[in-house]
């Protein structure tokens, strides 16, 4: 029994590592955080949920615990709402530096339906979360004991904790730390479907500490980062770096040798000769806009916007403005940074369109806003509907939905249009051929290994191999109570993935053009973004190996994983095209000079 309690406390500590920084920026009730002895400090109840399903959380007072009357909701920030926080008042009366022992919270008669619900929650290792002076704390609501050793009793026994002990620490007139422990010695048996009378109690003990108020949140940071320093993933980074160096060296050697041969053949041959190089670089097909050109420009614009957003968030994390594991503030930062970087999306999409099309299309800017934001809103609507059906806190309130739909979306569209307007003041043009053929040349039959599916597999698999060791740590951080990846490590991994994608895109594009296949535009996007397919497959593997279960958790996992991998597809697709475009422009100049 003691060992089981210790294991539960360790699990609660893991919860602290992940979730506690998520609300470090929440506003406290007393704004100066200073109290006199005996001053009341409100304790807010937040939510409960199963340990193995991080996205399946419910409001605290939806369960048959002691409920205040009236129930007052604490106003939360946008990030807290998106993170599923629902703070309400509670009956706990914890006054500053006032010791309490065995204080009665309430006496409650649990109905048979309440007992069944609590028993199911105990069986699934439900935990509760509360806040006291902006400090988070966790505890389990019950325990399960296996009575198979007893010849009389058969099956496990389920117990509900009815006493919570609060251990608080103070420095002068400020609260520094608080912990909540569910006392395993004060339980009530809820194994059988019978009505139960429960007297809920609590205790509060105060102790002085020398830690200053400005250092009170550093405990969570140190607890979160120490395991990472011991496992800094050097092997993963070295593996990615070695793959990058070998790949770039090998492909550059092969590529330069083939390019020199092509240039030698072109300079030695007749211009009328049907050589692969002359057809590829002189026929005037390279800069012919592809099919569905407005959509193509929108994909590139959205990809560059997401890439700028990732770089912006990484810079904030590096400067210490944004704590990367602060889920509440991270949700807010994601929304605001996506809106602000919409200017980049509009600028890029309009720039590509104006450089390669004789006339512009009015659909480019709207499509740029729809390419990624459309799937986000659609998947978000489906997940919100499922969460509402389950009564989970992941369901957004009507007010938040209104803000996102009728305020953030129009602002995003306006900034996209503003980015297109800015493009009018920059007239940089690529050096395209002097003339584009009026009739489209027919592409000759290609070998099977030069077709798009094979190139997507090759490009995606090589790129995926450079980051696969870090993906497990990333998903463990996102979907488990485990901090395994530092923002610096994650950013370096993304840089390596971007460079590998760019190099592969250039080489595969040259091979394609050497085969007289001039349809390179969309192929660069699909080749560059094909690593997202392997990443999504790894997501499914990670879920199958995890302890997550239930339709709600599966839906949220699939929805968020789809949006993450789709964002990677757009980012790397844009990187692949931009790298190939720069190579073709530079190579065309080399051919013209020959």
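A Cβ is built for glycine as well, from the same backbone N, Cα and C atoms used for every other residue.
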Which range of 166-194, 195-223, 398-426 is transmembrane segment, per TrEMBL: 398-426
Transmembrane segment range according to TrEMBL, out of 325-349, 450-474: 325-349
Maximum Cβ pairs under 8 Å to the transmembrane segment (370-392) - stretch from the list 295-319, 325-349, 398-426: 295-319
The transmembrane segment (556-584) in contact with the transmembrane segment (398-426), cutoff 8 A, at least 3 CB pairs, sep 6+: no
Residues from the same chain, set at least six apart from the ends of the transmembrane segment (325-349), whose C-beta lies under 8 A from its own: 18-19, 21-26, 77-80, 82-83, 85, 224, 297-298, 300-302, 304-306, 308-309, 312-313, 316, 364-365, 367-369, 373, 404, 408, 411-413, 415-420, 422-423, 477, 483, 574
